[in-house]
């Protein structure tokens, strides 16, 4: 592996994205959870939920700050590291990029208002209404940015005559074949991950302290949300696989180690490859890949051997795919178990083992996001714009990218460490029970430990 | 009007907007730190934090909006700026990132620490300095195009009087704009001690601002005669700029109409900024690309303009709501909400 400018640009972009995606994901999902909690609090007249919304929103200010600054970083890095790609992309896919800044602007304005107006309205529903533009802005940001990523996978909406672009159609570029499934998958998994992380925090609090009403209600709400979003994410994942089979078959084939085009294709789970690219030690699910790809067990799935070798992605993405799916299934399973336990009277949904499984699910869901994005991005290799521009052609020729890598690595260490320590301090010195007593004294007296 | 003129006008207005709101923010950081080291922080820091808390993110968006819009309307600029600004651009990102996140960390999280305050103050001056590099290289003479792509002539940049005069101008302007705004804000909040202090800062930073502007003019005449000549043709814009500057100083000196004084400061920079920009045309980056040669295709141009108008219809009412709730809500400004 040669560490030239193109390779270093890839590494720096990966570094920024791996870090940014954590904050982007919770940035899309947490507003939804905050809004739901505040709404339930108003409807049920239960200050526990209102306090939940308040505390989540407070923690959110920290993650959103890091999300904003790292988002600014990746926005600029696209031009600094991939100038030729952005020159091309600017002509065809600038529209959603531009719209994303509006969505983000809209969200930022209302988030600012939302955070500072908790006690300014007589009727609390007005304050809740302010959360709606935040939710819309955050989700629309995800939508617009994801269309750009979708475009990189299935570019359309232009003709290339030599090196000149003609017949540019910005809307066709934006609504390319990859857009629907990708947007659905990204938005749904962001909601899922945010709910899972908030659930993990609630479960952890119950494990470490006594189970107060506040934490039990938090856990119940977040676990129901996790279950619902895990189902929608599974559906989105299935649709994404079917999209890949039709529009980007080399990516699916590489992810599944499916070399020969065949009917009744087996799904390979984990395993290893020997020197002749033969699969060993794997779990084979007969005909399952055909079903995953086209919805019937005897359909034909295109194999990797149909593609020129220099236009196929590296085979290790198979593990990324499998890990992502496994963690997604885990989220679905754990939330199902919790709901089952809470329905059956004689089982205790707050038992220690189940709580630990829920705690693990938080970081697990975030890892699934990381694996999923690594799969999505590496699975597009060697292209930066599939079929039109290879990664190496889009990169900067500036020789100093290596130093910038070191600079940004240091930045992300500082930002990550800062965010963790501030969040810990924020909640450690101000436990929910105390805050409940302070802000809503009558609720705290009535409730307590049932 | 052609798409390139619509595009550059829109972008220039947004860059101007960023110049004003970011200056207020950056300068406030410096004043907050300065006040702390001179033990006057009890006077102004409350005021500064009440203004900045709700709006710091909005400031950042102005900047994002500008560079995304630039790539959209003028895709070729992504190539030239991207290739040449890797180092100054990355440094600016790091500074902005540290500033934005540590501001949030400090404000919502832990207690005020000296180290955070220092970072906050220092980045406020270093960010304008590093961002001004983009302006400087657009004058030409600092980048070259070779077979291996475009590259920045770092040596030329670091030894050019023009480039340093721009850095100096950027820093003092930030402090002047910020002081003028905070004077107005203190008077709105009826905070007499803060008002006195900020008023002094405004009067103090006035003269370096005008000196730096003159120095930059002179350095420009040496560096880029074409641009300088065109700016002389637009002498009336710079004349108006100076007139508004004097008007603002007079009002602040006479201790009246601080709101009007700040509007004068905004006009001062408006005319100077647009006089500079109009003189820069037709080039985007001299001599490589002009607005005409680098403008995007018609379909994209139209789409961007439509989105821009729709976006404004959405954002302007939202911004008015934000301002009514914080900036112009007398109770909030006074710290009662």
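Backbone N, Cα and C define each Cβ position, glycine as well.
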Candidate ranges A:17-40, A:257-280 [criterion: TrEMBL lists as transmembrane segment]: A:17-40
The transmembrane segment (A:60-82) touching the transmembrane segment (A:183-206) per 3+ Cβ pairs under 8 Å rule: no
Stretch with greatest number of CB pairs under 8 Å, the transmembrane segment (A:60-82) reference, A:17-40, A:88-116, A:128-152, A:218-237, A:353-376 candidates: A:17-40
The transmembrane segment (A:17-40) touching the transmembrane segment (A:353-376) per 3+ Cβ pairs under 8 Å rule: yes
Remote residues contacting the transmembrane segment (A:316-341) - C-beta distance under 8 A, at least 6 residues beyond either end: 189, 192, 196, 199, 219, 223-224, 226-227, 230-231, 233-234, 237, 254-257, 268-270, 347-349, 351, 354, 357-358, 361, 364-365, 367-368, 371-372, 374-375, 378-379
Stretch of maximal Cβ-Cβ contact with the transmembrane segment (A:17-40) [cut-off: under 8 Å; candidates A:88-116, A:128-152, A:403-423]: A:128-152
